[in-house]
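As recorded in Swiss-Prot:
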type     : residues : note
CARBOHYD : Asn63    : N-linked glycosylation site
CARBOHYD : Asn109   : N-linked glycosylation site
CARBOHYD : Asn139   : N-linked glycosylation site
CARBOHYD : Asn192   : N-linked glycosylation site
CARBOHYD : Asn196   : N-linked glycosylation site
CARBOHYD : Asn202   : N-linked glycosylation site
CARBOHYD : Asn221   : N-linked glycosylation site
CARBOHYD : Asn230   : N-linked glycosylation site
CARBOHYD : Asn321   : N-linked glycosylation site
CARBOHYD : Asn328   : N-linked glycosylation site
CARBOHYD : Asn388   : N-linked glycosylation site
CARBOHYD : Asn438   : N-linked glycosylation site
REGION   : 274-315  : region 'Fusion peptide'
SIGNAL   : 1-22     : signal peptide
TOPO_DOM : 23-467   : topological domain 'Extracellular'
TOPO_DOM : 489-503  : topological domain 'Cytoplasmic'
TRANSMEM : 468-488  : transmembrane segment
Amino acid sequence: MQLSMSFLIGFGTLVLALSARTFDLQGLSCNTDSTPGLIDLEIRRLCHTPTENVISCEVRYLNHTTINLPAVHTSCLKYHCKTYWGFFGSYSADRIINRYTGTVKGCLNNSAPEDPFECNWFYCCSAITTEICRCSITNVTVAVQTFPPFMYCSFADCSTVSQQELESGKAMLSDGSTLTYTPYILQSEVVNKTLNGTILCNSSSKIVSFDEFRRSYSLANGSYQSSSINVTCVNYTSSCRPRLKRRRRDTQQIEYLVHKLRPTLKDAWEDCEILQSLLLGVFGTGIASASQFLRGWLNHPDIIGYIVNGVGVVWQCHRVNVTFMAWNESTYYPPVDYNGRKYFLNDEGRLQTNTPEARPGLKRVMWFGRYFLGTVGSGVKPRRIRYNKTSHDYHLEEFEASLNMTPQTSIASGHETDPINHAYGTQADLLPYTRSSNITSTDTGSGWVHIGLPSFAFLNPLGWLRDLLAWAAWLGGVLYLISLCVSLPASFARRRRLGRWQE
């Protein structure tokens, strides 16, 4: 009995350890090559209380439908190669890859020799220009919807497809490729509904908000009209209490001034214009993580995106189980393993195939559902930090005392024991920790600008030797011609002065 109990306990502990090691960390796998979704971020809805000032409105709007449409995707690229030939067989080549936007029949392979290409008194060379055109034609399925963006593609961004292009049966995408399909005319049905909306009373213009649309609309005489929606609210003033008028003699001078200014300040804050400007300004410039804000605002944890002029550009992702790998390279994002492949987990929880570089020895505190601490180039996996917010209710005096609990000790290490110091110096006055909140950030710390480790991929000794010998032969030939030109006049003068050689 005791043996069986110990076996069960050991087996359960092993299962828990394996499950914790395998499924403890999750990342977002996102296809950003697909068409993103566009959504208007109505920040003013933050000021609306769903249970107060509720009114009934008649709403007339167009329904949205989505259908699948077969199409043919054509992508053509033209490879331009120009090869130069000079003395002693030395050559160089220029390679350019351009998008070809013409017809498939016009995508021809040809070569045009130019001989001589360039020739002057010290150098001659010829050139051959070769253009190779390649096209890939693929049968695909796209989704057509009655609201913009009108077309969704999983293989490219089809946001630029217009209604006219849908009706014509051909569209050119932003990357230069083309789509051909059966012409399609967008049609929408009109829907009439009675919805409960929340009206904002403390505003110069009455604003009604609907949770079904996640939008707010400014009412003019109780109605709002546009090409896609009509809103009519009859009793839009019944739920708003009238403002009380007070006179100067009722209060003191200071109180009267505050009383007169309070409605203006209240309108400014409750209209959320200031809050909207701050939020869109911060998240629209890339200073902070727009994906985190979009997840909280749209109440969807599995999306990424950014904000452009108050419009959220959003991609749908799905969660996958990943595991940390040994951080043995100079990468800013930690390496993770997913299905046997190496990826990098950025600060927004997204799996990437590339990453900015970072200084070896840089310590990073990261949040992936839990706090983790990792060191760049340490060869060790990031470790979890045990942190409980409820146990950190510090009094200020206790908090200050907890910062320096031991005397400062300087551990000096020379270049022989610490190669990082040999490469970068001690860097004692710089912040060793860092965090990044931008999807494109390469900043690796406060006050420290990262320039990256040198890359030695350009080292090619055999190529250098070939070029050196070629130029040495060319220079030797030129010097021989110069010496010949200098010696010939002297030889002719000597022959004229001494005559022919006779025995």
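Here, residue 1 is simply the first one shown, and the rest follow in order.
Glycine too: its Cβ is placed from the backbone N, Cα and C atoms.
The Cβ of Asn63 (N-linked glycosylation site) has 10 other Cβ atoms within 10 Å, all protein chains considered. Reduced to three states, the DSSP call for Asn139 (N-linked glycosylation site) is strand.
Around Asn196 (N-linked glycosylation site), the same-chain residues at least 6 positions away in sequence with a Cβ under 8 Å from its Cβ are Val54, Ile55, Ser56, Cys57. When each of the glycosylation sites Asn192, Asn230, Asn328 is scored by how many other Cβ atoms sit within 10 Å of its Cβ, Asn192 comes out lowest. Candidate glycosylation sites: Asn139, Asn221, Asn321, Asn328. Nearest to Asn63 (N-linked glycosylation site) by Cα distance: Asn221.
Residues belonging to the topological domain 'Cytoplasmic' (489-503) score a mean pLDDT of 69 in the model. Each residue contributes its Cα atom, and for Asn221 (N-linked glycosylation site) and Asn192 (N-linked glycosylation site) those atoms are 20 Å apart. The glycosylation sites listed here are Asn139, Asn221, Asn321; among them, Asn321 has the most other Cβ atoms within 10 Å of its own Cβ. Rounded to a whole value, the Cα-Cα separation of Asn321 (N-linked glycosylation site) and Asn328 (N-linked glycosylation site) is 21 Å.
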